[in-house]
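What TrEMBL annotates here:
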- 26-343: domain 'Plant heme peroxidase family profile' (DOMAIN)
- Cys36-Cys116: disulfide bond (DISULFID)
- Asp68, Val71, Gly73, Asp75, Ser77, Glu89: Ca(2+) 1 binding site (BINDING)
- Cys69-Cys74: disulfide bond (DISULFID)
- Cys122-Cys339: disulfide bond (DISULFID)
- Cys228-Cys253: disulfide bond (DISULFID)
- Asp266, Thr268, Asp273: Ca(2+) 2 binding site (BINDING)
Amino acid sequence: MSLLFSSLAFLLLITTTTTSSPAATPLRRGYYSATCPPAEFIVREVMRKSLLSDPRSAASVMRFQFHDCFVNGCDGSMLMDDTDTMLGEKLSLSNIDSLRSYEVVDDIKAELEKACPGVVSCADIIIMASRDAVSLNRIHNLIPIILCFFNPLFSVYSVFVNQTGGPNWEVKLGRLDSLTASQADADAIMPSPRANATMLIDLFARYNLSVKDLVALSGSHSIGKGRCFSIQFRLYNQSAIEPHFREKLMDLCPMGGDDNVTVGLDSTPVVFDNAYFRDLVGGRGFLNSDQTLYTFPATRRYVERYSRDEEEFFRAFVEGMVKMGDLQSGRPGEVRRNCRVANGGRPPAPAGFRVDRWIS
């Protein structure tokens, strides 16, 4: 049984959405309340299973929103595989050897298609899954699992989910999926790990995101790991690194060593908290694009504030995620049935065309 969702099918109002007009899609909370009521529940349950099997997927999936929304808006383009006629974003400089866990979105989409075929976009899945990657395990949930049945007693075992400890928030939904993707666009937009604060401020300003948003959203590096490849230049060419931290990094990432060794992006890489900002204050930022937030005056004051007040950081992070989720290109789109490829073979429908039907 697919997460018990098939039993809900008779309750669902299904909307089959074809290609839309170029106008930006209005976003709102509760967008799927009539057309796919269990959508957010389905996303959360698949994310829960993913975190149980691979705790690192939390950081990976959370970053999907950044890498998707900054390149031509939040349209699911980063999920598309290359084709004979299209180089997508997966092999772009910022994504190759960096992003992972695409299969988590595949699993979510498969469950949603069983419950509500053709309704929930891949772009919206990214937004919901990114939120759940942060918020799903705010407190330690004891999950009872019946592993075996003995005569006449049940043997019940329990497992603990790795907790990220981050904030929860409502998301606005209603996005459409892009019809194409562009490696060139991703290469031209996404910042390098060597980027300085001035470059990052300019980039965020292009999307009407403030300096405050920049610093708060950089706090996404509170969870996850980075490759030694990303620290080599900073480690062996810069002096603004706390000595003991430098010694630790040199042991893990020696010159000429394995660039694919991974290191926590902050001192608590499996917990979403404000340790990232405390580390920056102490000169222990992993990436240059992180540490520069403390050395640059315009961003330093926010780093200091968030290092002292975790709840303020959480509020600013949520605000930034919601604002970033509003980014749209206004290009034509569709609801993909497979997040890796455009539906194809279907001519664009008239603007606003929808077919609604009750499933009984």
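Cβ coordinates are placed from backbone N, Cα and C, and glycine is handled just like the others.
Shown here: features listed in TrEMBL, placed on the structure.
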{"residue": "Cys69", "record": "disulfide bond", "Cβ contacts under 8 Å, 6 or more apart": "Met324, Gly325, Leu327"}
{"residue": "Val71", "record": "Ca(2+) 1 binding site", "Cβ contacts under 8 Å, 6 or more apart": "Ser77, Met78, Glu89, Ser182, Asp185, Ala186, Ile189, Met190"}
{"residue": "Cys74", "record": "disulfide bond", "Cβ contacts under 8 Å, 6 or more apart": "Gln65, Asp68, Ala123, Ile126, Ile127, Arg175, Met324, Gly325, Asp326, Leu327, Gln328"}
{"residue": "Asp266", "record": "Ca(2+) 2 binding site", "Cβ contacts under 8 Å, 6 or more apart": "His221, Ser222, Ala275, Tyr276, Asp279, Arg284, Phe286"}
{"residue": "Thr268", "record": "Ca(2+) 2 binding site", "Cβ contacts under 8 Å, 6 or more apart": "Ser222, Ala275"}
{"residue": "Asp273", "record": "Ca(2+) 2 binding site", "Cβ contacts under 8 Å, 6 or more apart": "Gly165, Gly166, Ser222, Glu310"}
{"residue": "Cys339", "record": "disulfide bond", "Cβ contacts under 8 Å, 6 or more apart": "Gly76, Leu79, Met80, Val105, Asp106, Lys109, Cys122, Ile125, Asp177"}
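Around Cys253 (disulfide bond), the same-chain residues six or more apart in sequence whose CB sits under 8 Å from its CB are Cys228, Ile231, Gln232, Leu235, Asp259, Val261, Val263, listed in sequence order. Cα of Asp75 (Ca(2+) 1 binding site) to Cα of Cys36 (disulfide bond): a span of 19 Å.
Local packing around the disulfide-bonded residues Cys36, Cys116, Cys122, Cys228 was summarised as the count of other Cβ atoms within 10 Å of each Cβ; on this measure the leading residue is Cys122. The distance from the Cα of Gly73 (Ca(2+) 1 binding site) to the Cα of Cys36 (disulfide bond) comes to 24 Å. Regional average pLDDT for the domain 'Plant heme peroxidase family profile' (26-343) in the model is 88. Cβ contacts within 10 Å of Asp75 (Ca(2+) 1 binding site), excluding its own Cβ and spanning all protein chains shown: 28.
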